[in-house]
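Chemist: Pulled the feature table from TrEMBL, pasting it below:
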TRANSMEM  12-33  transmembrane segment
TRANSMEM  53-73  transmembrane segment
TRANSMEM  85-104  transmembrane segment
TRANSMEM  124-142  transmembrane segment
TRANSMEM  162-183  transmembrane segment
TRANSMEM  189-206  transmembrane segment
Amino acid sequence: MVNRRPPSIRLLGAAGIAGVAFFAATGLLMHAVQPELNPLERLGSDYVHGRLGWIFVVGFLVIGAGLGAFAVAVHRLGTNGGRRLLASSALGVSGAAFVVTGLFETDPLGPDGLPMRTMTGHVHNAGSFVAFAGVIIAAAALSRQLPRVPGWERRGRVTRVFTWVMAVALIGTAIAGPGAFLAGLVQRVFVAILLTWLVLLGVWLWRGPASSVADATNDTDVMSGADMTNEAGLADLPGEDEQR
């Protein structure tokens, strides 16, 4: 009998998806309740200073908890090697950094339209960089681990593409910086890419291994949620019982 994904991993994957979705929803809500902020130029964190900004703070805390759930789920996959531990640790650090980012608000804008430099703002900026970089490091580690699992190679390729795209987008966001032309747009594109990969990770954790190699072979659209799996699955790397 083939090992199936433990229910705890599926629930942790669902919890992670919920955290990411809540954060995305709060961000979209901020665009609706604070239309005076130009999304092409203003960074997302600026919403915390406006109407209902506390909701966005809660969004940071919730996605932090969601990434914590992802970290535990990846750690419980039972895969061998240091990459699994690196991915799990990076997700955990990223989750904690999201919490710090939410608790320490970004600098408000001064009369010249540029951020006022405060210690709170420095902590916020450092936290956000660690949060984003942690996700990219986790993706890089998993992009090397997933191809080692029979039938999950495509997930590794998808993750590898996301890793490079997220890294380039993060560099673009850092170069743009607050107050730069289209800085808000660049940041939003990066965050959208990052959240998309996190949702994919949650879906993969939730779905677990398919019942047959044919299911994986016939699966042609990972991005739409019909992802590629087989009866081995992530939990069946060397060191795990493959058959009973």
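Heads up, residue numbers simply count up from 1 along the chain you see.
From the backbone N, Cα and C atoms, a Cβ is placed for every residue, glycine too.
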Chemist: What else in the chain is close to the transmembrane segment (12-33), if you only count residues 6 or more beyond its ends and a Cβ gap under 8 Å?
Modeler: 39, 44, 47, 50-53, 55-56, 58-60, 62-67, 69-70, 72-73, 76, 191, 195, 198-199, 201-206
Chemist: Can you work out which residues elsewhere in the same chain, 6+ from the ends of the transmembrane segment (85-104), have a Cβ less than 8 Å from its Cβ atoms?
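Modeler: 45, 56-61, 63-68, 70-72, 74-75, 120-121, 123-124, 127-128, 130-135, 137-139, 141-142, 145.
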Chemist: Same-chain Cβ contacts of the transmembrane segment (189-206) under 8 Å, 6 or more residues past its ends?
Modeler: 5, 9-10, 12-14, 16-17, 20-21, 23-24, 27, 44, 66-67, 70, 73-74, 132, 135-136, 139, 142, 155, 158-159, 162, 165-166, 169-170, 172-173, 222-223, 225, 227
